Amino acid sequence: MKAASKGHSRCVELLIAHNAEVNASNSNGVHPLDVGCQDGHFDVVMLLLEKGAYVNKCYGENRYPIHAAALNGHRKIVEKLIEKGANVNSIDKKKRTVLMMAAHKGDSETCRLLIKKGADVNRAGDNGWTPLMLCTQYGKTDCMKALIDEKANIEAIDHKGNTALNTCSANGHKDAVCLLLDHGADVDHANNEGLTPLMLSSNNGHTDIVKHILEKKPKLELKEYERQDTALIIAARRGHENIVRALIQSGANVDATNNHGSTALNISAQYGHKSIVDELLTARADVSLADKDGDTPLLSCIGIKHHHIFEALVNAGANTKVVNKKNEGALYLASKSGSIQILKLLLGREEFTDEDKQRAAAVALQSKRNEIRKLLSAGFGNRRH
């Protein structure tokens with residue numbers, strides 16, 4: 001076994017001559033041919049085959065020597081094993097074929113060889129992954145081309161409902177995405193979570209991929225299942241300004257809402273993404289739309305003290321006197337969160353009733369925000385009329 005792993009063919013030959021068993025295995029079921037195939041020792045493999053090594057004897061997770069050779073990119077060994085009768089459609093414990101091993105490695109020549117010898121190009125493992133999905137995961141475009149040329153199904157789905165396009169869109173493999181799009185991959189396929197290639201690439205910040213997908217005119221108003229977010233809302237939440245801009249330019253509805261009633265503007269204000277707020281305001285997003293809690297974008301940004309966003313929304317016409325379903329207005333929320341800059345902006349431009357100020361002062365006292373209480377009691381007299 002050790003001689004085979006080191007590639008010492010002369011030593012292997014000598015041991016066999018002294019009655020060493022060529023098909024002996026260790027406690028893990030691994031035998032010399034497995035080791036030689038895995039490590040690419042061609043001479044050792046040839047010698048073992050000549051001396052009667054079992055080409056279709058499995059080891060480990062029910063793998064065969066040809067699996068080991070394919071997974072590690074040893075094409076010449078794969079070819080010799082096939083000549084000796086290796087089963088090109090043998091599967092391991094997880095139902096992975098030899099072709100899947102070669103695809104995982106990204107070895108296009110071995111893939112072509114296996115298919116020529118009868119390997120099933122569309123056979124899937126127990127997770128639904130096909131050879132095409134495996135090489136797509138890592139952006140192995142040469143291997144993808146080889147499989148597509150041999151009629152690989154580009155619309156096959158795995159156990160999570162993902163196609164090859166979903167996978168490479170999520171992983172950021174632009175060339176792989178372009179290849180699949182050029183071959184007509186479904187640009188709107190949603191996985192088990194309702195996520196399309198556009199949503200997956202938007203979520204992960206792959207701007208170039210988003211732009212390539214947009215060229216294929218995807219449905220921009222599709223929503224994923226959990227939050228009912230559109231691609232625009234997803235990009236806004238994640239803070240991907242360039243993707244937000246690209247989606248808006250392609251006609252995405254800036255006022256689309258999710259299942260909480262939140263728009264992209266509400267989300268970006270809540271998360272403090274000022275540049276995205278600016279993009280949405282430029283696109284005339286409605287500053288007055290409230291979510292199911294009654295929070296407008298203006299109210300949403302107060303809790304995290306984003307006074308620059310607050311000011312931008314006010315300048316865009318946002319109502320500073322609006323209250324949410326808990327009867328909490330901007331003055332109250334600014335006092336509660338300790339947003340001094342926002343409080344100054346409010347008191348500098350608006351008149352508030354004594355009741356509003358007393359309620360705000362009470363929550364400031366409860367939160368031990370003495371500076372807020374002083375501002376409120378002073379009235380901060382520099383109001384603009």
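Heads up, the Cβ atoms here are built off N, Cα and C, so glycines get one too.
Please treat TrEMBL annotations as automatic predictions, because they have not gone through curation.
Annotated features, as they stand in TrEMBL:
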REPEAT    1-27  repeat 'ANK'
REPEAT    28-56  repeat 'ANK'
REPEAT    61-93  repeat 'ANK'
REPEAT    94-126  repeat 'ANK'
REPEAT    127-159  repeat 'ANK'
REPEAT    160-192  repeat 'ANK'
REPEAT    193-225  repeat 'ANK'
REPEAT    227-259  repeat 'ANK'
REPEAT    260-292  repeat 'ANK'
REPEAT    293-325  repeat 'ANK'
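For the repeat 'ANK' (127-159), the DSSP counts in helix, strand and coil order read 16 helix, 0 strand, 17 coil. Using a Cβ-Cβ cut-off under 8 Å and counting only residues 6 or more beyond its ends in the same chain, the repeat 'ANK' (61-93) has close neighbours at 33-34, 36-40, 42, 45-46, 49, 55, 99, 101-102, 104-105, 107, 109-110, 113-114, 117-120, 123, 125. Long-range contacts of the repeat 'ANK' (193-225) within its own chain (CB-CB distance under 8 A, at least 6 residues past either end) are made by residues 160-161, 165-166, 169-172, 174, 177-178, 181, 187, 231-232, 234-235, 238, 240, 242-243, 246-247, 250-253, 256, 258. A mean pLDDT of 92 is what the model gives for the repeat 'ANK' (61-93).
Shown for the repeat 'ANK' (160-192): DSSP residue counts in helix, strand and coil, namely 17 helix, 0 strand, 16 coil.
In the repeat 'ANK' (28-56), helix, strand and coil residues by DSSP number 17 helix, 0 strand, 12 coil.
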